[in-house]
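Following: one structure in structure tokens, then a few remarks.
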Amino acid sequence: MNIILFGPPGAGKGTQAHRLVHDFGMVQLSTGDILRQAVKEGTEVGKIAGELMKAGKLIPDDLMIRILGERLDKPDTKNGVIFDGFPRTKPQVEALDKLLAERHSKLDCVIEIKVDENALVKRIVGRYVCAQCGAGYHDEFKRPHKEGVCDICGSTEFKRRPDDNEEAVRARLVEYHEKTAPILPVYEARGIVAYVDGMLPMGDVATKIAEILKEKGAKPISA
């Protein structure tokens, strides 16, 4: 089963994708990760991409599609994939359709994680991580058991992402609505979009997503 997790930055797409990888044996295909791996492996398209990246240039859609196609051809994608960061534009929607059709496959489901944006800003601005082990915390929702000490490794050093401030977060939301959100109606017209309340606890969101996928025929790997 091939799916897209859809929603604004900070909606929890990454967290839910990790759950699906674990529970359903799916592969998360992040365009950034795929690109870096292709460059590292030194494939033909990877070399071209590497030169563009060194020059500070954007990767064109046709090259990204070729890299994505190479990744889809690897055997670990047999249980399906979660597309992360792609597609983001209508031409990319068409390119993904073609890419899957060439492999006698298709996109089965788009799950939109719906969130209240003011609450989302609060969620993002308050998050921070342990500087040593990367364990995640939040000013309001998940503080360390002992103030100032990481629950996992005992470190007393923490850090925040530089762009996790309200101004930057709202700018990312504006960009999302202008550039990415317009592709959702394309999938809605096909009748393959399902909606999940992203303001529920993370475990409940995961349960809802799993129920949607099971209804569409996906089987957990433990089943």
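Our numbering is plain: 1 for the first residue shown, then up by one each step along the chain.
The backbone N, Cα and C atoms fix where each Cβ goes, glycine too.
Under the heading ATP binding site, Swiss-Prot lists Gly10, Ala11, Gly12, Lys13, Gly14, Thr15, Arg127, Leu200, citing sequence analysis as support. In the three-state DSSP classification, Thr15 (ATP binding site) falls within a helix.
Taking a C-beta cut-off of under 8 Å and a sequence gap of six or more, Lys57 (AMP binding site) has no contacts in its own chain. Here Swiss-Prot flags Thr31, Arg36, Lys57, Leu58, Ile59, Gly85, Phe86, Pro87, Arg88, Gln92, Arg160, Arg172 as AMP binding site, drawing on sequence analysis.
Per Swiss-Prot, Zn(2+) binding site is recorded for Cys130, Cys133, Cys150, Cys153. Cβ neighbours within 10 Å of Cys150 (Zn(2+) binding site), excluding its own Cβ and spanning all shown chains: 21.
Listed by sequence, the residues of this chain that lie at least six past the ends of the region 'NMP' (30-59) yet keep a Cβ under 8 A from its Cβ atoms are 66-68, 70-71, 84-86. Positions annotated as region 'NMP' by Swiss-Prot, on the basis of sequence analysis: 30-59.
Sequence annotations record features per position, and here Swiss-Prot assigns region 'LID' to 126-163 based on sequence analysis. Taken through DSSP, the region 'LID' (126-163) splits into 0 helix, 12 strand, 26 coil.
Candidates Thr31, Phe86, Arg88, Cys133, Cys153, Arg160 (binding-site residues) were compared with Arg127 (ATP binding site); those inside 10 Å Cα-Cα are Arg160. Within the group of binding-site residues (Thr15, Thr31), the Cβ with the highest number of other Cβ atoms inside 10 Å belongs to Thr31. Broken down with DSSP, the region 'NMP' (30-59) shows 22 helix, 1 strand, 7 coil.
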